[in-house]
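Peer 1: Take a look at the following structure, please.
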Amino acid sequence: MAWKQTPLLLLVYMVTTGSGRDRTDLLNVCMDAKHHKTKPGPEDKLHDQCSPWKKNACCSVNTSQELHKADSRLYFNWDHCGKMEPACKSHFIQDSCLYECSPNLGPWIQQVDQSWRKERFLDVPLCKEDCHQWWEACRTSFTCKRDWHKGWDWSSGINKCPNTAPCHTFEYYFPTPASLCEGLWSHSYKVSNYSRGSGRCIQMWFDSTQGNPNEDVVKFYASFMTSGTVPHAAVLLVPSLAPVLSLWLPG
């Protein structure tokens, strides 16, 4: 039963704490960040791994091209500890496409005070397969930091390892899948116990010919934030939460 508590605890957290943005603005929205468009819309020529979002995207064609480059001065240098293995890099590119292009992250957007963005996402429930496969693909590649959000040497215009940060394998810095997915970007993601196709977790990878599965996921979580309630069925799954949930549920 413990695995079933994760989405419910997340829902309770979201209902009680709210979000960093207006509760009426949770669906089909873009973050206020460096490369994001102000509103999502079609981008027919999105590059390669970002193409699944072409029907409705928060990223531009140029951003989608730049984030695929190893030496982009617009984006991030993946090869800061030697050349990253292609299988590993593909997961980082997919992560970047989700971050830049997805209009389905509204419930997890938080306000921040940073020079390059005013908003970020926090604790997005990432499908467990996406996290595990990311870690498996990268465990033998090299990096020098556990938190990639801060602490880089940007003096050359691209991110380089500081002198105090030696290069080791990903598995050295991230011994478990969760330590990678949750720690890498300062808890942007929270590894879900749910699988792809469940409608309860965000997918990095999906077949766009079958539609975007994250649209249903964001609607599910947004519905609780806008209504401020949790269904009676949830109480049956987690009896220990009943005293708390009963405060919100109608009689």
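Placement of Cβ uses the backbone N, Cα and C atoms for every residue, glycine included.
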Peer 1: Of the cysteines C144, C167, which is paired with C161 in the disulfide recorded by Swiss-Prot?
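Peer 2: Matching partner in the record: C144.
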Peer 1: For C138, what is the disulfide-bonded cysteine listed in Swiss-Prot, choosing from C81, C88, C201?
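Peer 2: Candidates were C81, C88, C201; Swiss-Prot matches C138 with C88.
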Peer 1: Scan C81, C97, C101, C127 and flag the one Swiss-Prot records as disulfide-linked to C167.
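Peer 2: Swiss-Prot says the disulfide from C167 goes to C81.
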Peer 1: When the Cα-Cα distance from C88 (disulfide bond) is computed for each of the binding-site residues D95, R120, K150, which gives the smallest value?
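Peer 2: Considering only the listed binding-site residues, the nearest one is D95.
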Peer 1: Cα within 10 Å of C30 (disulfide bond): which of the binding-site residues D95, K118, K150, W152, W154 qualify?
Peer 2: none
Peer 1: For K150 (folate binding site), which of the three DSSP-derived states applies: helix, strand, or coil?
Peer 2: coil
Peer 1: So among D95, K150, W152, W154, all listed as binding-site residues, which is physically nearest to C138 (disulfide bond)? Use the C-alpha atoms.
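Peer 2: Result: the closest of the binding-site residues to C138 (disulfide bond) is D95.
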Peer 1: Does DSSP put R120 (folate binding site) in a helix, in a strand, or in coil?
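Peer 2: For R120 (folate binding site) - judged by DSSP and reduced to three states - the answer is strand.
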Peer 1: Looking at the disulfide-bonded residues C58, C59, C97, which ones sit with their CA no more than 10 Å from the CA of W154 (folate binding site)?
Peer 2: none
